[in-house]
Amino acid sequence: MMDNVMESGNVGRTFPNNMRSNKKPSSSSLPMVFRVVMRMNVRLLFVFLLFSFGALFYVGASTSPIIVFVFSVCILSFLVAIYLTKWVLSKDEGPPEMIDISDAIRDGAEGFFKTQYGSISKMALLLALLIFAIYIFRPQQDSSTLGTFTTASITVFSFLLGAVCSGMAGYVGMWVSVRANVRVSSAARRSAREALQIAVRAGGFSALVVVGMAVLGVAILYATFYVCLGVDSPGSIKVTDLPLLLVGYGFGASFVALFAQLGGGIYTKAADVGADLVGKVEQGIPEDDPRNPAVIADLVGDNVGDCAARGADLFESIAAEIISAMILGGTMARRCKIEDPSGFILFPLVIHSFDLIVSSVGIFSIRGTRDPGVIGVMEDPMTILQKGYSVTILLAVLTFGLSTRWMLYTEQAPSAWLNFALCGLVGIMTAYIFVWITQYYTDYKHEPVRKLALSSSTGHGTNIIAGISLGLESTALPVIVISISIVSAFWLGQTSGLVDEAGNPTGGLFGTAVATMGMLSTAAYVLTMDMFGPIADNAGGIVEMSQQPESVREITDVLDAAGNTTKATTKGFAIGSAALASFLLFSAYMDEVASFAHTSFTQVDIAIPEVFVGGLLGSMLIFLFSAWACAAVGRTAQEVVNEVRRQFIERPGIMDYKEKPDYGRCVAIVASASLREMIKPGALAVLSPIFIGILFRVLGYYTGHPLLGAKVVAAMLMFATVSGILMALFLNTAGGAWDNAKKYIETGALGGKGSDSHKAAITGDTVGDPFKDTAGPSLHVLIKMLATITLVMAPIFL
């Protein structure tokens, strides 16, 4: 009956059937590793997997029972992800017009992914050669028993593996989104709750795979190096030094995530801005209207920018946090002469293994309604998602406490585990507060966004002023929360009772590491909420393009508004975790410099002019990077605007559904421009710390200050981290608030769609697009990449 209503509602409002594309996505768009697996004989594949699992568990058992536990949980999480995939793909794709639109989105997304990651892989190979050359000619550490060639090979291998895994994480995020979007659209015709459940479970699949890959990748590297290098055997490397060999893995993940976020962000926001400016403002047609030539490019952008890039981003966040915490755990265990340091080193892997378990429970706690016929008013999606998050948080607190007692108990300080459990609680509370703060500033149920919407009633200028002031104000509370959490965790760690040979407390930095782990102990569920956003956005676009009844569009609009909030909250969460992780990596960098320089390196004096200049350059880097990222969106959007205007002029029948827009032309423009534009800011981020470090190293050589290069880079890293956190908070929150102010007006407030207030809100949303989806997300990746690149390149600064 509903299908009949839909068909009757579509009469005269859609393009003729023979004008739709029937092209199916090609398997050639898949990454090579997936194509190889798909072509393998089933029996051969089974034997290969059996052999791989056997080798995996043999290496794990030869390392530690803890590694076996981590391997087991990761594999179980992959099985749960496969179940979620089958469940999502079992849902119907709706009528043919929905399938046609979904196929076009899938083609565009997979084609761009293949081209983009082809470019990134070439740059990664060049950088790998540079790293190898640096490690071949770097000075040798006194404590190192590995040759320079072995160390160089290990670092390069880790870098390339991290890059490959980060790319695969991005592909997984995109793969599920381009298949779930149409199923959410179809479910919205029957039940709002069913549509919500499909979007959440699709996001859950991506989250479990991404987090599981990050944990499994680090665990495999650690176990492999442990066995192959004969760790702790006479004349070999010590287990407390082993985590330093994993730094390349984090750098590779950061490198790919940065370019994925830049390219995807430029793509999605340039298409979005171009579509909105001409479609909504000039032509007065609804969002995602099929008459808009840029609408397919906009929907493709949701997948390559918000899904693929965010998958690589969170993969990098978890990998960097695990590795930095393992380094600090090993350093503390060595200084305290702890008999069995494996618990302190492997603790991060155990925490994220439990993250997979508790997040799975949270995902499955969101169920469909018993009445599948309900189409109308639905429960607030944010309330449902918050309930699932609360379940996940509660379980995370319990498992964190158990993990600290299991892994961090030592006879030298019997109560230390309790202090570290409290550090984890500080991190978990920080994550929850961060989510709440960002939701307060970006959800239209709260006062800040409603005030922003009200400012639209007096014009475009007042909307921009109100949005900028809101973004600036929103930096205060998160910074206070981060500051309190760092000091609290450091104090709890420092008073844990662990001391070095001289009796000095040594647990402070590890306490902050444990707090960071606590903040990321629900990362899989947070990524689920993040992936929910672009899937819901895509579903709304498919519903609008296929001209479904207004009741269906109302459901997807509610899901889309909730998705905007979840995307903003998870970005705030990512910034907070980036701040803590960068603090840990900075400490590891100083230890690494001290090890190579054979001298103490515990402080950076910014009263030294050159060091102060390094700090200024670090802050400048953040502003220049943000400017170039936003300018790239602006230039690409101008090309889209000109193309859309041209098509409306040359094809007047588009507005009457008599002529079909050339969607492919806008897709091609955005794809080529985004690949071109991502190079400049990306190169700035990668090359700046290397150039600055070498420049001041040379200056220090001629002025008699051998550590000047390392000190200047340390100052640059500190100032860049502080400036980057503030800038990212401002950009993400302001952009999210502008977006939801527009959504609030579209609910009927302040004149509703088409009113002057709505047009002013669209202007604000357009300004905020590159803020929240290009420059902002790229910044917190940049912060962590700067920390990992300085750690990897530390020898050339001496």
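From the backbone N, Cα and C atoms, a Cβ is placed for every residue, glycine too.
Copied over from TrEMBL:
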{"type": "REGION", "residues": "1-28", "note": "region 'Disordered'"}
{"type": "COMPBIAS", "residues": "15-28", "note": "compositional bias 'Polar residues'"}
{"type": "TRANSMEM", "residues": "66-89", "note": "transmembrane segment"}
{"type": "TRANSMEM", "residues": "120-137", "note": "transmembrane segment"}
{"type": "TRANSMEM", "residues": "157-178", "note": "transmembrane segment"}
{"type": "TRANSMEM", "residues": "198-222", "note": "transmembrane segment"}
{"type": "TRANSMEM", "residues": "242-260", "note": "transmembrane segment"}
{"type": "TRANSMEM", "residues": "416-437", "note": "transmembrane segment"}
{"type": "TRANSMEM", "residues": "475-493", "note": "transmembrane segment"}
{"type": "TRANSMEM", "residues": "505-527", "note": "transmembrane segment"}
{"type": "TRANSMEM", "residues": "572-590", "note": "transmembrane segment"}
{"type": "TRANSMEM", "residues": "611-634", "note": "transmembrane segment"}
{"type": "TRANSMEM", "residues": "682-700", "note": "transmembrane segment"}
{"type": "TRANSMEM", "residues": "712-731", "note": "transmembrane segment"}
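Under the criterion of 3 or more C-beta pairs below 8 Å, with sequence separation of 6 or more, the transmembrane segment (66-89) and the transmembrane segment (682-700) do not qualify as touching, having fewer than 3 such pairs. Long-range contacts of the transmembrane segment (475-493) within its own chain (CB-CB distance under 8 A, at least 6 residues past either end) are made by residues 419-420, 422-423, 426-427, 429-430, 433-434, 437-438, 507-512, 514-515, 519, 572, 575-576, 579-580, 583, 725-726, 729-730, 733. Only pairs six or more apart in sequence are counted, and the transmembrane segment (682-700) with the transmembrane segment (242-260) gives three or more Cβ pairs under 8 Å, enough to call it a contact. Between the transmembrane segment (416-437) and the transmembrane segment (572-590), three or more CB pairs separated by 6 or more residues in sequence fall under 8 Å, so the two stretches touch. Residues of the same chain lying 6 or more positions beyond the ends of the transmembrane segment (611-634) and with a Cβ under 8 Å from any Cβ of it are 262, 265-266, 269-270, 273, 604-605, 674, 677-678, 680-681, 684-685, 688, 692, 696, 708, 711-724, 727, 731, 769-771, 774-775, 778-779, 782.
Here the transmembrane segment (157-178) has long-range neighbours at 31, 33-34, 85, 88, 102, 105-106, 109-110, 113, 117, 120-121, 124-125, 127-128, 131, 202-203, 205-206, 209-210, 213-214, 217, 221, 245-257, 260, 302-304, 307-312, 314-316, 319, 531, 534-535, 538, 792, meaning same-chain residues at least 6 beyond its ends whose C-beta is under 8 angstroms from one of its own.
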